[in-house]
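Features reported for this protein in TrEMBL:
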{"type": "COMPBIAS", "residues": "34-63", "note": "compositional bias 'Low complexity'"}
{"type": "REGION", "residues": "20-70", "note": "region 'Disordered'"}
{"type": "REPEAT", "residues": "239-271", "note": "repeat 'ANK'"}
{"type": "REPEAT", "residues": "272-304", "note": "repeat 'ANK'"}
{"type": "REPEAT", "residues": "371-408", "note": "repeat 'ANK'"}
{"type": "SIGNAL", "residues": "1-19", "note": "signal peptide"}
Amino acid sequence: MRRLVLAALPLALLLGACGGGGPTTTPEPDPDRAGSPASPGGSASGPDASDSPGDAAGAGSAPDAEEQAALDRRLRDAAWANDVARARRLIRQGADVNAKDETEQSAYLVATSEGYLDLLRLTLRSDARINDKDSWNGTGLIRAAERGHGLVVGELLRAGIDRDHVNRIGYQAIHEAVWLGEDTATYATTVRVLAAGGARLASRSPSAGLTPVEMARERGFDGLERILRSMTTADRPADPDAALLRAAADGDADAVAVALRAGADIEARDERDRTALLLAVTYDRVPVAEVLVAMGANPDALDAQHDTPWLVTGVTGSVAMLEALLPADPDLTVRNRYGGLSPIPASERGHVAYVRRVVQTDVDINHVNDLGWTALLEAIILGDGGPDHQEIVRILLAAGADPTIADRDGVSPLRHAEQRGYDEIAARLRR
């Protein structure tokens, strides 16, 4: 009973208090918004040296205090909207990612609480104070952990944030992930990432009087309790690299976190030059891949037969794995041993859902492999002409696949379809 009483007050306080909460005022009209509406998921934000505030194009004299305040306010508005393109422009003009409003919110802190990964990466490249605190004396790591933003948690850990800071109501990031979280796959990944990154897992919250394991038990979170018990009782592996590779292949996400916590090289290779991430993709171990991606695993690491984690998603056809790898910014131009990109084997194998999703990326769907075939040609030449391959042909054409690209012998997709008696596909190609 004593523990429940101790824990109840902080939980009640926190349930509407920590983290973000949204802007406190209605954003003003912003001249930087014109012509660049924010996409629902935010704008892409790959590595770009020009993100540095010192590279502001046409920078003149420094803005005065009033101008600076306006720039900073507009940047915070862009952050709440997850408008990365607008945020980048404002930073180039001199806006400060660390500048706070009256509620102690900055663009950087907003990115952490809202889970805006591209925005976070932009703020980190723009001199964000990584251990800056919010009005609860909490770090961005605590804010992200509370919301279950595993990718943001991993990004912050790899950037060197204080893993075990205690906020003013007595919680570390691991406490908030459990006490204010849910017993879901999202929070399971977050807890594993915190463990993999070296966060203390057995500390008792001074306010709640509970350890993370005890918090999970009090909340009835059987899944999180099991994960935390596994993390806190597992023996340190004698060979962390071997343990990592074995756990990735087996789909044991807890053991993956334990191996990383023990110092495993995330890019360790097996006898076929496969990394843990490539093994996870090969066997479709999505929870494992989510931990590895959050901790910085390379989606472009080539194995002995010139496969990468990203390329193998086209072979397996796993949309869930595709989604797990996209935050790692895979290189969509890397070719497999046949000179192909991921849509080509996916089209051949009839992976309808995968093709439907991958054509929404920037991958070149008209790429020609070393055999002289595009994804469209492979769907016809190596497909069976049935409903799945018919749908793939439809998807590819709707996405801009060029039906006039012939094979190396000059035979067009239409001719191949006619030769094989694929009447439905041929009819679509004639339209």
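Yeah, the Cβs are placed from backbone N, Cα and C, and that goes for glycine too.
DSSP labels the residues of the repeat 'ANK' (239-271) in these numbers: 20 helix, 0 strand, 13 coil. As a whole-number mean, the pLDDT of the repeat 'ANK' (239-271) in this prediction is 99. In the repeat 'ANK' (272-304), helix, strand and coil residues by DSSP number 16 helix, 0 strand, 17 coil.
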